[in-house]
Amino acid sequence: MRRGGSAAAATYQACLGVVDLSYLSVQIIWYLHAAWQQKVLDYPVVCEVFPTIFYLVQYLGPVINMTFTLERFLAICYPFRSQHCLIRSSGRGALKIIGILTTCCLCAASVQSMVFVYKEPTCSTRDELNMEGHIAKWLHQNWTFITELLFFVFLPTLCLVLNIFVVRVLRQKSSLKRKSLSVSYRNGTQSANNSESPYALNSDSKQHISRNIRASTITLVCTSFYMIIANYSVAVALLIALLLPLGDPMLSDEEIDKDPVWNLYFRLFTIRISIDYFAMSQFVIKFPIYLATSKQFRGEFLKLFQCLNKTEPMLHGRLSTVRQTLTPSVSGISRFTLNGDQASPGMLPISFKNARHDRQMSQLGPVTHRQRPSAGMTRLVISASGERVPAISY
């Protein structure tokens, strides 16, 4: 992260990207096994381990998103109290938090390894889970319901509440900033005199840092809201799957077409598949959200694909900077002349002051004066005909 950014926030964002890529990878394997009937899981140990990994990456998405939301909530609402908190202190602290959360999610997902078993030649669920009234089926249904409710309903709801508080605090800070700017414009002379102090220069850097914090927070809020909607849809799809009525499997195809129970099953199954595909769109929508809300992400993306227009060579970078600072835009001129016809030194930007200081310092160096040649030396002068001829020696 650049100056003003948060190393912890960058760590959470990177981990979210890794979790998304991992989920898409295991989802492809699961589709090959379930939909295309490919024998990618029909092996001992793989049949029991894969469900654990599959549920682990599903649980980590909402958990890391909630942790990221909590870090932004502390950074916006309680910036000084939470400065040394482990969740937002540094990138190393964020990695420790992610390690603890991964361990907890792994413990919750490891239960799924007892659901599937390898029965030569296929990988399928245990027979006890398909028996009506069996304790194993009751435990599996209740465990699945509790974990899905925790990870896909409770955590997104908590993220929604924290995001509402973050948006409210951001609006309050924006309104206070607008009021302070209007007061400073009305008292232009006083603000100009105060801007010459070191405190004013420090406030400029703090405003730059706060802008970066607000930008990353807006990116998080937009991404988090979409993830909340997607996670809620997953919970609805799970509820439909639990309540899905199954018709008589002994009916023929003609009787199934006329059976109302089977028709209801097919409708609900179509709705569930549509919800699942909508939930998958959260992995696609993050990229345009980052491009639309994060200026820093756009710049790094352009640099990555070498789309920046680098017309000025590095040798002349300082001169071009001085020329740009010495020729402010129209908006800059209007900002400089708020106190009158002539701009006061305190209202000039820092880059303009630095350029003027460098120019003054360069003028303070030793200057070599031109000297008249001593007597007796031959000098060239222009004659009446316009030619250069030796001058008369003195």
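Numbering starts at 1 and runs along the chain as displayed.
Cβ atoms here come from the backbone N, Cα and C positions, even for glycine.
Copied over from TrEMBL, here are the features:
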| type | residues | note |
| --- | --- | --- |
| DOMAIN | 1-228 | domain 'G-protein coupled receptors family 1 profile' |
| TRANSMEM | 12-33 | transmembrane segment |
| TRANSMEM | 53-74 | transmembrane segment |
| TRANSMEM | 95-118 | transmembrane segment |
| TRANSMEM | 149-170 | transmembrane segment |
| TRANSMEM | 218-244 | transmembrane segment |
State the non-local partners of the transmembrane segment (218-244) in its own chain: residues 6+ outside its ends, Cβ under 8 Å from one of its Cβ atoms.
9, 61-62, 65, 68-69, 72, 141, 144-145, 148-149, 151-153, 155-157, 159-160, 163, 166-167, 170, 265, 268-269, 271-272, 275-276, 278-279, 281-282, 285-286, 289-290, 292-294, 297
Kindly state the mean pLDDT of the domain 'G-protein coupled receptors family 1 profile' (1-228) in the predicted structure.
81
Which sequence positions outside the transmembrane segment (12-33), separated from its termini by at least 6 residues, show Cβ-Cβ distances below 8 Å to it?
39-41, 50, 53-54, 57-58, 60-61, 64-65, 67-68, 71, 94, 98, 123, 280, 283, 286
